[in-house]
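One structure is given below, encoded as structure tokens.
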Amino acid sequence: MPPSISAFQAAYIGIEVLIALVSVPGNVLVIWAVKVNQALRDATFCFIVSLAVADVAVGALVIPLAILINIGPQTYFHTCLMVACPVLILTQSSILALLAIAVDRYLRVKIPLRYKMVVTPRRAAVAIAGCWILSFVVGLTPMFGWNNLSAVERAWAANGSMGEPVIKCEFEKVISMEYMVYFNFFVWVLPPLLLMVLIYLEVFYLIRKQLNKKVSASSGDPQKYYGKELKIAKSLALILFLFALSWLPLHILNCITLFCPSCHKPSILTYIAIFLTHGNSAMNPIVYAFRIQKFRVTFLKIWNDHFRCQPAPPIDEDLPEERPDD
């Protein structure tokens with residue numbers, strides 16, 4: 001083991017690799033399932049595919065770059081900054097995709113009769129494009145000047161060096177904590193989290209209200225329709241918990257770094273916080289896809305057709321989304 005890599009770093013790298021090995025195949029399988037099953041082509045699954053694409057990129061690109069940054073190679077300042085920014089872009093896209101799915105589920109409960117007229121594939125595509133554009137804006141903001149270049153240049157000049165600074169590439173050396181806390185956390189992480197709390201509370205309220213009133217829905221069976229939506233809402237509550245569990249620790253540590261520079265942060269806490277954020281990408285296929293029967297049946301067909309060489313029966317596109325025991 002190279003002397004520059006500590007035991008904590010080695011453990012961190014191993015966990016990151018494990019997360020990537022789970023995240024990439026799991027999310028590729030989600031995308032594959034939508035491709036082969038026509039029943040998974042409505043607007044709802046467009047958002048799930050967008051989330052899966054972001055999560056594949058987290059496992060295939062963000063995690064390798066995070067490992068590179070953790071090792072800390074010697075690079076030019078802007079080279080290191082370019083390595084750090086994709087992490088911000090793709091993790092932000094995951095957050096916005098989660099929010100889009102929450103809003104989509106809210107609309108299914110709020111306007112069940114008009115849902116398909118309001119949430120069309122075209123509008124879903126526009127929403128997805130908007131999420132990605134916002135993610136690039138948020139993630140590339142450090143490239144436009146909100147970074148630590150001035151401080152690094154002062155230290156570089158104080159040593160009598162000329163030209164662009166060469167530094168040990170580490171995330172906190174190039175990315176401003178003011179950006180991470182005031183802009184990234186207080187604007188693009190915390191508000192979506194709070195908004196999702198409100199959305200999920202409203203979803204539960206609407207479902208309970210409709211179940212009590214027994215108002216007819218598009219399915220013609222209010223108990224069945226809203227009972228299914230209640231099960232889905234419980235999944236959303238789990239997603240909310242996992243989102244908070246995955247993202248808040250790292251941002252709390254960033255706040256400590258900014259507001260209490262003298263406070264000691266054990267390295268192991270930083271490593272745990274980082275792989276929790278990446279681990280959220282590995283959780284999503286399990287929480288979203290495996291609770292939907294159409295996905296489960298399609299996964300089984302893919303497995304039998306392509307890995308066991310045993311063709312599965314044709315997919316019944318009229319399968320209900322939820323099993324009775326979910």
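First residue shown is number 1, and so on along the chain.
Even glycines carry a Cβ here, placed using N, Cα and C.
Swiss-Prot lists 1-10 (among others) with the feature topological domain 'Extracellular'.
Marked as transmembrane segment by Swiss-Prot on the basis of sequence analysis: 11-33 (among others).
DSSP assignment over the topological domain 'Cytoplasmic' (34-46) gives 10 helix, 0 strand, 3 coil. The topological domain 'Cytoplasmic' annotation in Swiss-Prot covers 34-46 (among others) and is backed by sequence analysis.
According to Swiss-Prot, the transmembrane segment annotation covers 47-69 (among others), on the basis of sequence analysis. Among residues of the same chain six or more beyond the transmembrane segment (47-69), those with a C-beta under 8 A of the stretch's C-beta atoms are 13, 16-17, 19-24, 26-28, 30-31, 34, 80, 83-84, 86-87, 90-91, 93-94, 97-98, 100-101, 104, 124, 127-128, 131-132, 169-171, 274, 278, 281-282, 284-285, 288-289.
When pLDDT values are averaged over the topological domain 'Extracellular' (70-80), the model yields 90. According to Swiss-Prot, the feature topological domain 'Extracellular' maps to 70-80 (among others).
Every protein chain shown contributes to the tally, and the Cβ of CYS169 (disulfide bond) ends up with 22 other Cβ atoms within 10 Å. In three-state terms derived from DSSP, CYS169 (disulfide bond) belongs to neither a helical nor a strand segment and is classed as coil. The disulfide bond annotation in Swiss-Prot covers CYS80-CYS169.
Annotation comment: Swiss-Prot describes 81-102 (among others) as transmembrane segment. If you look at the transmembrane segment (81-102), the same-chain residues 6 or more away from its ends with a CB under 8 A from one of its CBs are 44, 47-48, 50-51, 54-55, 57-58, 61-62, 65-66, 68-69, 75, 127-128, 131-132, 134-136, 138-140, 142-143, 147, 169, 171, 174-175, 184, 188-189, 192, 195-196, 199-200, 236, 239-240, 243, 247, 277, 280-281, 284, 288.
Annotation comment: Swiss-Prot describes 103-123 (among others) as topological domain 'Cytoplasmic', evidence class sequence analysis. For the topological domain 'Cytoplasmic' (103-123), the DSSP-based tally of helix, strand and coil residues reads 15 helix, 0 strand, 6 coil.
Swiss-Prot lists 124-146 (among others) with the feature transmembrane segment, giving sequence analysis as the kind of evidence. Outside the transmembrane segment (124-146), and at least 6 residues removed from its termini, the chain residues within Cβ reach (under 8 Å) are 43, 46-47, 50, 81-82, 84-90, 92-93, 96-97, 100, 104, 174-176, 178-179, 183-184, 188.
The topological domain 'Extracellular' feature in Swiss-Prot is assigned to 147-176 (among others).
Around the Cβ of ASN159 (N-linked glycosylation site), the number of neighbouring Cβ atoms within 10 Å comes to 7. The N-linked glycosylation site annotation in Swiss-Prot covers ASN159 and rests on sequence analysis.
Taken from Swiss-Prot, the feature transmembrane segment applies to 177-201 (among others). Sequence-distant contacts of the transmembrane segment (177-201) (same chain, at least 6 residues past either end, Cβ-Cβ under 8 Å): 88, 92, 95-96, 98-99, 102-103, 105-106, 138, 141-142, 146-147, 233, 236-237, 240, 243-244, 247-248, 251, 254-255, 257-259.
According to Swiss-Prot, the feature topological domain 'Cytoplasmic' maps to 202-235 (among others).
Residues annotated as transmembrane segment in Swiss-Prot: 236-259 (among others). Here the transmembrane segment (236-259) has long-range neighbours at 95, 98, 101-102, 105, 172, 177-178, 180-181, 184-185, 189-190, 193, 196-197, 200, 203-204, 265, 269-270, 272-274, 276-277, 279-280, 283-284, 287-288, meaning same-chain residues at least 6 beyond its ends whose C-beta is under 8 angstroms from one of its own.
Look at Swiss-Prot and you will find 260-267 (among others) tagged as topological domain 'Extracellular'. Helix, strand and coil content of the topological domain 'Extracellular' (260-267), in residues and according to DSSP, is 1 helix, 0 strand, 7 coil.
Sequence-remote contacts of a segment are chain residues at least 6 beyond its ends whose Cβ falls under 8 Å from one of its Cβ atoms, and for the transmembrane segment (268-292) they are 8-9, 11-12, 15-16, 19-20, 22-23, 26-27, 29-30, 33, 48, 51-52, 54-55, 58-59, 62-63, 66, 91, 94, 98, 101, 232, 235, 238-239, 242-243, 245-247, 249-250, 252-253, 299, 321-322, 326. The annotation transmembrane segment is assigned in Swiss-Prot to 268-292 (among others).
Across the fold, the C-alpha of ASN159 (N-linked glycosylation site) and the C-alpha of CYS169 (disulfide bond) stand 18 Å from each other.
Sorting the topological domain 'Extracellular' (147-176) by DSSP state (H, G, I as helix; E, B as strand; all else coil) yields 14 helix, 5 strand, 11 coil. In the three-state DSSP assignment, the secondary structure recorded for CYS80 (disulfide bond) is helix.
A C-beta separation below 8 Å, combined with a sequence spacing of at least six in one chain, links CYS80 (disulfide bond) to ILE69, ILE167, CYS169, GLU170, LYS173, VAL174. Sequence-distant contacts of the topological domain 'Extracellular' (70-80) (same chain, at least 6 residues past either end, Cβ-Cβ under 8 Å): 4-5, 9, 12-13, 149, 152, 164-170, 173-174.
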